[in-house]
């Protein structure tokens, strides 16, 4: 094992990476708070500034995938679609099967220059999560409780605010509503059977309200819908902890572009279109499982140096005073100061682990079990 590979497995290195991410995140959140004074002066300037600030935080996670673990991301698409990537407002539909599916999506947005302006329809609980939820708040992310009766007006209002967004925006939708598990899949297919809908093998039944509302509210702003089906070679199930330990994965993403004018205006017809799309996604997963490849031309967008340079910038600023402070604590010989410092390290470790836990499948929400409870 080489020195670099050895360092990637060391807890103290992980803690330092986490320290840089967390502290820089709080600094970025504070700067974002200060930018609120820009909103009444120039809303669009406020938005452009916050796109850059959010990029400075999210790109640190992308750096882990691209440069730390060396994970490869291959696109399967066609040249006409790829030529439009990063040059139009779009809605992204991505399957929600893996702990790092969001990170693979962010990697693609970074390579096409729209990471800072990427959006998502997020559960409201994340608004209380430091760094993640707070950064999204300043980015005008649309939060929902996932109870349509309560969410409808909030979601519509939030989407309409994005109609004049000044930077190219990729709006991510997890139409399944929650991450795939065997239990949720069984319950979802029972619901499909009760409603007379086609069963899916690799996906949960899509929730259509968020999709149809997004299409209606962003029509005239968004040019297309990108359907993204993600899988990992070797039938691997990667985790964020695996990325942190430097494990390399190979992600394959089948991307299909659908012009927005091809999606029906009528809500019921648009919902049917989405159900048909998920049947096609299921067929794509089946093909991948059988042949180990998606259809379409292969593209490997080159990684850019900015994610690495951004992390090195924050690491230089934050780790130098940390090392000086730690050395001074131990040089003092004071048991009280040393214990306090070790307590701080322990608390930081716990905080980083909790942030990582947000992505873990077994820590996922119980959303998806509600339909089963209604049936009972």
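Using N, Cα and C of the backbone, Cβ positions are placed for all residues, glycine too.
Feature annotations, reproduced from TrEMBL:
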- 12-39: transmembrane segment (TRANSMEM)
- 90-212: domain 'Phospholipid/glycerol acyltransferase' (DOMAIN)
- 308-330: transmembrane segment (TRANSMEM)
- 336-356: transmembrane segment (TRANSMEM)
Stretch-averaged pLDDT - the domain 'Phospholipid/glycerol acyltransferase' (90-212): 89
Residue counts (helix, strand, coil, in that order) that DSSP gives for the domain 'Phospholipid/glycerol acyltransferase' (90-212): 59 helix, 17 strand, 47 coil
